[in-house]
Amino acid sequence: MENPNFILTVEDLSVSFDGFKAVDGLSFYIEPNECRVIIGPNGAGKTTVLDLICGRTRATAGSIEFKGAELTRMREDQIVHAGVGRKFQTPSVYEDLTVFENLEISYPRGHTVFGALTFRRDGDVDARIREVAETIFLGDFLQERAAILSHGQKQWLEIGMLLIQDPQLMMLDEPVAGMSVAERKKTAELLNRIIRDRAVIVIEHDMGFVADIATRVTVMHQGKRLSEGSMAHVQADPKVVEVYLGH
Amino acid sequence: MTKTSFLTRSEAVGLAILALIIFVAFPVMLDDFRLNLFGKYLSYAFVAIGLVLCWGAGGILSLGQGVFFGLGGYCMAMFLKLEASTPEATAIQSTPGIPDFMDWNQISALPIWWQPFNSFAFTLIAIFVVPAAFAFVIGYAMFRRRVSGVYFAIITQAIAAIATILIVGQQGYTGGVNGITDLRTLMGWDIRPDGAKTVLYFVNAILLFGCLVVAMAIRKSKFGRVLVAMRDAEDRVRFSGYDVASFKIFIFCVGAMMAAVGGAMFTLQVGFMSPTIVGIVPSIEMVIFCAVGGRHSLMGAVYGALLVNWAKTTFSESFPELWLFGLGALFIAVVMAFPNGLAGLFDDYIKPRLRGWRQTPATAPQPAE
């Protein structure tokens, strides 16, 4: 399957931890502007796939090519600068810093030691941070410490931190987990707005939410790809029903 | 307000009070002997400030800061020792013109690596570069491999132990367990009289404030906020596009350089440098200065260094056997009861009252009717 239009090409990707194959010969391809949702039972290797793409875990075999660059050989921060952003499953924000400062750290400038020492908060930075804060419903919380935010607000803040990086590939691990119904609805709106001009990979269990945002769905099981296609296609796939949706 | 001026008002007031204490109160109130002692205490404050940056802000606990303090101190001591070892002053040695301890150890020529320390300019540069280079090597080896937390602390402690053993073992080159003693003049200026010690006290104090300002600038830059962020969620920083290791290496080197400046000033004020100031116990004491002062407070570190050292002198004069227990109890008390040290106590109990006093006259008037 050769298609120069793919932004991300994952081929024969495998990783094993002490002999246990968490991801086993997985291949998939992401187009620019596509929203791919990965679903599957617990332990299927979904989060590990994201870990492999962003460099947190090193692949045992296989290749991950992003815009022509081989990610498996790059350091985490280099992968970020290549244009890949990642949100973690449990909200991961800087509790001791304000919402403004949290977003500022992700602002794509001054990421070297020297750059950080000489970084100036100019009008551009300020305007961009305010804009993103409005988008993630935290416009009134800029000067609050992140520790006081609710679980849902922390999730939004982390999404905002990704948004300000403006990655071409955004990876979200269970972005609506642990949210109230109202927060879930707002998050779906938020994601629908921000996934438009970029490629997105989402891991999610909430089928209503998946149907809402997915361009295509990949179903994983025991580290392998079980099925792939539109939401309707995978929902009708008997293998998928048996291992996952049926339960 | 998102723009912040360099100093907030309370920081400016805090700096002014500290300056009054160090530049006016101590020199006025203390006799020459005590002032020199306090100068020695303040040379430890450099290490404590470096630890606030590494440990308080960055979460990097080093139990080996004595090594960097010692490197700075030894660089200065080597220069002073060479100056004191003129051929005339050492005429009775079998090889005149080399440091006395070398002669005692049957060394008949100045080792090559000692020779640059004839130059004061080289010595000043070495005081910064040698500890920074050493910290860089340790930092690179540890932080690139993602060694952190308690493992890092243990390794730095081991390095402190190794450094002591090395210095003691290489007696002919380092002066061994006695260290480098009998230091006399700096560029012809006798550092031993009381007058010279007073001058050195003030030089030390000025350098300390320079150090404080540099540390404040670092903490207030985005670099400082990235350090705090790393402490809270290191992976998030990494996946926001930062090379976490290089940030840790840099701040570890800064802490090492600050410690080294303190070490050099220690040598000048006390008149010797020895391995007892490099090893595990002094390194842990340095962490206690920082913890007692408050590991998140730069100025607290200075007060911590002063208070603990003053207590050490006072108690060890009267109860020499009990002092180590006292120090241990102090550390436990800090960890259990007031984890943010003196600065934390100040913020929790004194600051609200100060604010209360200041606001009472402003809000209380307006007599009704």
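The backbone N, Cα and C atoms fix where each Cβ goes, glycine too.
Annotated in TrEMBL:
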- B:12-30: transmembrane segment (TRANSMEM)
- B:42-64: transmembrane segment (TRANSMEM)
- B:120-143: transmembrane segment (TRANSMEM)
- B:150-169: transmembrane segment (TRANSMEM)
- B:199-218: transmembrane segment (TRANSMEM)
- B:239-266: transmembrane segment (TRANSMEM)
- B:322-346: transmembrane segment (TRANSMEM)
Sort out for me which stretch, of B:12-30, B:42-64, B:120-143, B:322-346, has the most Cβ pairs below 8 angstroms to the transmembrane segment (B:239-266).
B:42-64
Positions on the same chain near the transmembrane segment (B:120-143), where near means CB under 8 A and six or more residues out:
67-68, 71-72, 75-76, 78-79, 152, 155-156, 159, 186-187, 244-245, 248-249, 252-253, 255-257, 259-261, 263-264
Range from B:12-30, B:199-218, B:322-346 with the greatest count of C-beta pairs under 8 A to the transmembrane segment (B:42-64):
B:199-218
Tell me whether the transmembrane segment (B:12-30) sits in contact with the transmembrane segment (B:322-346), defined here as at least 3 Cβ pairs under 8 Å among residues 6 or more apart in sequence.
no
